[in-house]
Amino acid sequence: MSRKPSPTRRTRIHRFHKGSCGRKLVGLTCYDFSTARVLSDCELDFLLVGDSASGVIYGYENTGSVCLDEIIYLAAGVVRGAPNSFIIVDLPFGTYEKSDELAVETAIEVIKRTGASAVKLEGGARMACRISAIVRAGVPVMGHIGFTPQTINALGGYKIQGRDNADLIYLDAQAVEQAGAFAVVMEMVTEDLAKTITSEIKIATIGVGAGRYTDGQLLVINDLIGLSEKKITFAPRYASIDNTVASCVKLWRKDVLEGNFPQKDHIPA
């Protein structure tokens, strides 16, 4: 039986209303209790338990490989670590595309088993009916358009979106808004297109490599703190945590081998 989430968590969906904050919205991905506990004190507007966990946590080759239970286990830990944060959970590939009924069942299962605030799913006009069905069931939905990692094979690889398909992406943004989403992620979309969409739709736009003019910004925390193998162009590294961890481990190993650990104050009385 899963542990019930904290009843003290506050819903902050109003933060996503255009102009309600008077500033940019700021969010990061998060995948575990300990990191969530730290991020809960960083004045972020939201945390996303993204399907990017497929690679950075589970080591799969693409985001489409992660399954629902794997995401739910992570999300439940994040909610326990940051019970007062607005936490969004990605619906994994294959858990919502088939039908409105499946999409609603998956979204409700995620919310019930994790205590999260909302779900996110990929796709614009082609997934508008799924968004609408989930919203009607009472679950807030964040959309995701532009580059959609779950369908990378159909997109032909990692490519900037909007250079030759701007009209389609614009229509996707409108469809997501009309379906009832409270916000939409625009990933790897040209800055000009992201600016146009942001100025013309009424829901908040969250940029991931989409330039300066979106209503908010989102990054994968592993990229931000230097815990990723690959360096992402649109994600500057503010630290090199991989080097810090390696240095700590090597120093401790050295102390063990040289008889300097444990010291007296490391031994329980």
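Cβ coordinates come from backbone N, Cα and C, glycine included.
As the structure is a computational prediction, the values presented were derived from the model and not from experiment.
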Given Swiss-Prot lists Asp51, Asp90 for Mg(2+), the same-site residue among Glu122, Glu177, Glu187: Glu122
Listed in sequence order, residues not in Asp51, Ser52, Asp90, Lys120 with Cβ within 8 Å of the centre of the 3-methyl-2-oxobutanoate site Cβ atoms: Thr29, Leu48, Val49, Gly50, Ala53, Thr63, Ile71, Val89, Leu91, Pro92, His144
Asp51 (3-methyl-2-oxobutanoate binding site): secondary structure state under DSSP, collapsed to three categories: coil
Lowest local Cβ density among Asp90, Glu187, which the record lists as recorded positions, within 10 Å: Glu187
Sparsest-packed of the listed binding-site residues (Asp51, Glu122) - C-beta count within 10 angstroms: Glu122
